[in-house]
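**Student:** Before we start, here is the structure in question, set down as structure tokens.
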Amino acid sequence: MPWQAFRRFGQKLVRRRTLESGMAETRLARCLSTLDLVALGVGSTLGAGVYVLAGEVAKDKAGPSIVICFLVAALSSVLAGLCYAEFGARVPRSGSAYLYSYVTVGELWAFTTGWNLILSYVIGTASVARAWSSAFDNLIGNHISKTLQGSIALHVPHVLAEYPDFFALGLVLLLTGLLALGASESALVTKVFTGVNLLVLGFVMISGFVKGDVHNWKLTEEDYELAMAELNDTYSLGPLGSGGFVPFGFEGILRGAATCFYAFVGFDCIATTGEEAQNPQRSIPMGIVISLSVCFLAYFAVSSALTLMMPYYQLQPESPLPEAFLYIGWAPARYVVAVGSLCALSTSLLGSMFPMPRVIYAMAEDGLLFRVLARIHTGTRTPIIATVVSGIIAAFMAFLFKLTDLVDLMSIGTLLAYSLVSICVLILRYQPDQETKTGEEVELQEEAITTESEKLTLWGLFFPLNSIPTPLSGQIVYVCSSLLAVLLTALCLVLAQWSVPLLSGDLLWTAVVVLLLLLIIGIIVVIWRQPQSSTPLHFKVPALPLLPLMSIFVNIYLMMQMTAGTWARFGVWMLIGFAIYFGYGIQHSLEEIKSNQPSRKSRAKTVDLDPGTLYVHSV
């Protein structure tokens, strides 16, 4: 029957990952300590942002109030980081948001998440490699770019770069080889570079507070006119705004915070190390929280020092810190800062490249991507094929493409992953424990099963009979979370696209927003009234269900700020991914194979959310 075939097809799209009871066993080498994960998170997050982004945001968007921008951005990133930390404690396996989605919301969403994570890491790797090449070229007087532009220029504007970047190509291939040697070797390099980076940033902070002038946070129009009279190249001056500490108003802080949010992207690479961390359930949450805290303190202190050292409208976006030291008369210090920037970009590059092959490996091992990509090198115990293939693709993009137009595309993939992880945490916290004692396979969220004593009623939505999660209460939360995702998307769309009528008091749009808010609040109350799982974890997100929902709202709102061209490129990337999934992955998925082999199915077990049985390795 056509209906039955359609139903079976739909079940394939939402089937959830089932794992063997010994899921702590891994073919990868468990060699990463908590310090390694903190170094990886700080290195990948505290990269180009602190040396480039701070100058751009302070000059054009926020002025000295950039310190508030970083605070707002850090708070929004912490929301996502807390959700990642809880999932890292629940499911200590490679794959990051991909696996988290697979065990919770189903195969199609998991593939979508993993496919976009691959896009984010590839673009991030290529763009940082280009930035490293440019920073090194600037340090030696731009000889590389001048030579290549004069001899091998590319004449395809808005598509390709001005010239092929052989330096970036070689850099990515070199680091690909380093990652292929093993995680512990690359972790050592990351720790060294991150240490140098933090020392340089410490020097910048101390210098800024010693040589800084509080008057630069109180600039007036007279100061601006004086600067124009003193400078010959007044075209390099940024806008004054209204002067003072918040020269561009509250709107400038929000615009700056939206940009600064991307300076914290990168901590999620810690969540991909579940099969290589020595104690993943403890070290992954600690690594995420500590790395985000360190990065916020560094961003806050450096941006404060930078805006105290020189007027915000005179900052150079491309190289704000070296120019600031020139401004205060410490010219030799710019070389110290240059070394720090190269170390920061190096760790950021490793941070982008490290999770890329591991997400590919996790998807290939599950059969959603080509199985050859899951091959493990017997000597180094690293995903050698996935590492080499992803490195070559990233090197090719760094070699030919100018990636400034693709940054927003990278952000969509990252924000989508953050949102799905938050939804997964919300759903899992309200599910009953699913340890399978009879050997029968049980999905993480099963269909609503009611008994004579448990029926779905309006009273039961707000006053459930049980104090522990049941299949019915778990299904209620699953459905309510799906409805909330739709309603929050609609609310963010209205706020982003029709903000002017709302601010002007348009009754229609005001009524729409009020209605959406009432529905959202009502569903949140229903979720809040359901019993939560009491499974002990090393880390749990506080204030459920509010914190995950706040994270989802912020992420979706930022996605709504993307341009139509960015969404069009996103659509092309997703078409390629769906062609692979429906042409190969849906038929070769491990879950598909299990469903066709009853003998194996009888022995399969789902994810055991009890850490005592889930993870047996001890340090």
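Backbone N, Cα and C atoms are what each Cβ position is placed from, and that goes for glycine too.
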**Student:** Determine from Swiss-Prot whether Q532 and L32 lie on identical sides of the membrane.
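**Tutor:** Yes, same side.
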**Student:** Going by what Swiss-Prot says, which of T220, T378, T606 is noted as phosphothreonine?
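**Tutor:** In Swiss-Prot, T606 carries the phosphothreonine label; others show none in the record.
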**Student:** How about the transmembrane segment (37-57) with the transmembrane segment (336-356) - do they touch, taking at least 3 C-beta pairs under 8 Å (6 or more apart in sequence) as contact?
**Tutor:** yes
**Student:** List the helix, strand and coil residue totals of the topological domain 'Extracellular' (307-335) as derived from DSSP.
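**Tutor:** Tallied per class, the topological domain 'Extracellular' (307-335) gives 17 helix, 0 strand, 12 coil.
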**Student:** Give me the stretch from 286-306, 336-356, 507-527, 541-561 with the greatest number of Cβ pairs under 8 Å to the transmembrane segment (62-82).
**Tutor:** 286-306
